[in-house]
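Okay, structure first, notes after.
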Amino acid sequence: WGLLLFTAALALGGMAAARCPTPCVCDNLRAHVLCLNRNLTSMPSTIPQLTKKLDLRGNSFAVIPVGAFLTTPYLTHLDLQRCKVERLEEGAFRGLGRLVYLNLASNSIALLYQESLDGLSSLQQLILEGNHIEEIQPGAFGHLGSLTVLDLRGNALVYLPDMVFQGLQVLRWLRLSHNALHVLGSEAFATLPALRRLSLDHNELQALPGEALARLDGATWLDLGHNPITYVAEEALAMASLEHLFLDHATLQDVAPDAFARSPQLRTLDLRENQLQGLPPLAGTGELARVSLAGNPLLCSCLLRPFHDWLARARVQVEGACAAPPALRGRPLDSLRPPEMRCVRPRLSPSPTAPSEQLRAAGSGQCPQGCTCSPDFRHGSCENRELREIPRGFPGDTRLLDLHRNTFGTVPPGAFLGLKELVSLHLQSCGIGALRPGALRGLESLVYLYLTDNHLSTLVATAFEGAPQLAYLDLDHNAFAHLPAGAFQLLPNLISLHLQHNAIGELAEGDLAGAGGLRWLYLAGNTIRHIAPTALAPAKMLEKLHLEGNRLTEVPTAALRGLPALGELKLSQNPIKHVGDNAFLPVASSLQHLYLDNMGLERISPHAFAGLGPKIRSLYLESNKMSIIPDMSNFTGLEILNLRDVPFRCDCQLLPLHRWIEKLNLRVGATCGSPAEARGLKVKFSATFQTCPGWGRGEAGGASPDKTKAAHKPSKKKRLGRSPARGFKKNRA
């Protein structure tokens, strides 16, 4: 007790001895310093060293410089709200290893750099709400291994790239509400194993991002409300632990019967204030206890009986009332008896008195007959109406127009005149074989164009005349035998191009002419055998290239030259049997995610990965046939390494790999294919290596002894005095 009292007195004495900054207030007893609304332009220089809580709200710092808090290493709480901060320099928070709470809300930060948050190893809560963040550089959160809550609400995020949250291994709540998110990378949430709650409400998501969400095995709470999502497709959501789903205040018009079948733990489903006239019985939702449909224009006819019967059988509580027919208007669903739900002629549009939807004039036009228009959301829809011509007369302020599942055949010139504010156009599954010159004329605000599942085999540049803002073009599942050369000349803002599952056989020179701003190119599921060396050259800003499921027999190394920003390359499911030396050297300085799985790969040359190193974050080599792999000891930034279903020969030649895997804090899935006595054993734990020369010397890393770097010095632990097999099993990841 005496020692404790002496330590406390010493700490208080240190606080008291230090001079409190002139414009601030110091509470020495609690080790708090408050400098509120003092118009400070730089950090106070005389803050007591033992300060634990520092409140700097309402000042004018503009920039947080490198090492700004090195003199206060005992801080646990730091509040920098409303300080007009525009930039966090790399290393701004170094030395704050004890900080658990950092509030940077209501500033003007636009970009998070890779090392902006370096040094915050104990941080548990990071509040970045109400800034201007448009981009998060990969690795920005890489040093926040203790973070449990990340608040990014109210920023300007448009898309989330893959692995953007890498390093957040214990994060439990991610708040992304009130941004402008349109696109989520399929691996955006891949490194969040502890996440339980995800808030994506009040964004611009137009489809449920099922592929990205499927990475969240442990999440129980998902909020997607207030997004312009019109349809939830079959098995759209595969989240094994999800219990609470919010899709309220969206623009839902239809939900597939098995939309949630792959989320078997779902208990509450909030679908309030949508445009649903009904729902089918929801398959695979045995745990569902409550569905909320309040504020939907429900048509309580015989068409709703299967859903009504299912509610009773499954004992699911429902909230919602009929909007039609008139005799049942206002009746709660759970008060209806089946004989009351008679067959009536279905309306083509919601009831004029439905709370969530009114058909009325908006802007300068009326809603075309047989379609629905939402003035609140500025959306129009004629989905699945068997229309043969594109309807005209939508309100001039329409921003989203859904025409998918009709039979238009062609899109004529000037088909959408008068829709200058249209941002998103859905023409999927419309039997379209031709996009005529001038088809998009007048769509000066168009950003998203969906032409999936049509019959297009060619395009001309003039088809896109008048739509210069087009950024996302989806042409998956069409009939293209080659890229429509020159078609992108009039699209200077094209960012994302989808041409998956067509019949493209090669990429030729000039195919991407004019696509200088292209960042994501998706070509999976074609028949590509050859890529000309200069085919990709016009797309110098390309970040993501998906070539999986084609017929390439070698890595297109020459075609990768001139792509300095390429961060993700997918070559999975191509018949590439051998990866030669320097295969990825042209993109070695930028590549972070490499997919070489399911190729039947038999051999990887010793220098195949030359130039690649710490930047590599994920490497997929599963389901191949090689028995050894080259040295990867310099892949120090790996977060995902998949070596499952590879028949490794567990002899002494594989000892460096064994030692390297042993030290990785990753599950790699590598198993022995031979010799017979080791078959099926994990490479990481196999005892067959103990007979190898040098077994007891303990060289670390994946390199051979002559290549082992200083950073991977031999372990000081003795390996010869214990049972290797038992020791490895104890440390199994």
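Every residue, even glycine, has its Cβ placed from backbone N, Cα and C.
Per TrEMBL, signal peptide is recorded for 1-18.
The domain 'LRRNT' annotation in TrEMBL covers 19-53 (among others). Sequence-distant contacts of the domain 'LRRNT' (19-53) (same chain, at least 6 residues past either end, Cβ-Cβ under 8 Å): 11-12, 59-62, 68-69, 71-78.
Under the heading domain 'LRRCT', TrEMBL lists 296-344 (among others).
According to TrEMBL, the feature region 'Disordered' maps to 345-364 (among others).
The domain 'LRRNT' annotation in TrEMBL covers 366-400 (among others).
The annotation domain 'LRRCT' is assigned in TrEMBL to 647-693 (among others).
Under the heading region 'Disordered', TrEMBL lists 693-733 (among others).
Positions annotated as compositional bias 'Basic residues' by TrEMBL: 710-733.
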Reported mean pLDDT - the domain 'LRRCT' (296-344): 91
Counts of helix, strand and coil residues, the domain 'LRRCT' (296-344), according to DSSP: 22 helix, 10 strand, 17 coil
